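Reading through the structure tokens given below for one structure.
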């Protein structure tokens, strides 16, 4: 036990308040392979030294409280306390620092994202000594990640189930998201799938409302995808949203989907909660269902640059909790997403091993070992003119989801789906032939539109759209 980190319990109990940094700021600490490491962006209140602010975060998210308590002497704080082991100034920002905190593995319940977040971010964000606090990244040690099942199936198993290789998968969110009857909803699904899409999708807020109860929607969508499969010879799917007000109701909906023989269900993992999500992911693996994850509510948590939590942390948490797809921004389109940062967390979702790279916002090297990967889903204000950029940015292991970019086609849903499928196949072929999608993308789409009237019509409709 190193002298600078040892907590003296043998000298007798002394009541009162002492500076956190005396116990929790340990710049000489060498991190262990089993530690969970966190990088916090800390903005202290005026007059609060950064060392005290970083130590306060370590204390309040592990063993500490606001005053010395006599029961500290009944345990080994040196074994269980979080430690702020390094602080660096954020370049270009006034009074802002990155505080690195190491947490001993024994602080966390095995296989529980819920417990991990309750400990690390559950209480400390309202701390008075801090003006703002943001969790930028976590390093999940192998010894902890191996206690999680992770995604129900992963990328390779999904491709094998669908028998689709060598290209991104194509999807579409059914619009209008609310108000359609179940039969009309199923008709929209059928038109999109027969036109060439791989998936259609319930919107995140489609659950079981008076205008369309969940069982009716499930039945009509199952009929639609079976009919489209028979016509096209391709395996099709519709993300049936199983999110519900209780875990029991959610599981009932997932069981119904399994009985209908559909390949995939869906969950809103932030509004539904990590406990519910992990339960559903376990059910999906045991019963051969793929699991699509929507990140509704994420911007409430991750959009502010100096407070909250970066989406890369939510992405890592989802991979641990379980999901085969997750929405990950687009870089292009209507929703915010910076290219390098987006690609950083896309790699954290898909790859087995990701090197530390601060230029992409990756603060720690992450080794997922054997945990399956998650397909990133690009959606939000995208259309056929974005296809070359999306194909280049996201690569084959992704889902490109065009809602309005399919259903807004002037000739209807099926021609909209045809336009997207033709554009995608043209981009993949051009890439495989060695053409530069970033430089020649528009020309590739124009060439393809010469032999696809559906694509030509789509190009005309969205030629002036700028997000």
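Every residue gets a Cβ built from N, Cα and C, even glycine.
Among the candidates 62, 379, 398, the residue that Swiss-Prot names alongside 123, 173, 177, 295, 327 for the substrate site is 379. Compared over the binding-site residues 177, 201, 327, the count of CB atoms lying within 10 A of a residue's CB peaks at 201.
Looking at residue 177 (substrate binding site) and residue 203 (Mg(2+) binding site), their Cα atoms lie 6 Å from each other. For the recorded positions 175, 294, 295, counting C-beta atoms within 10 A of each C-beta gives the highest total at 294.
Take the mean position of the Cβ atoms of 201, 203, 204, the recorded Mg(2+) site; other residues of that chain with a Cβ within 8 Å of it are 173, 174, 177, 202, 205, 206, 239, 241, 266, 294. Within 10 Å of the C-beta atom of residue 123 (substrate binding site) sit 11 other C-beta atoms, taking all shown protein chains into account. Among the recorded positions listed (175, 201, 204, 294), 294 has its Cα nearest to the Cα of residue 327 (substrate binding site).
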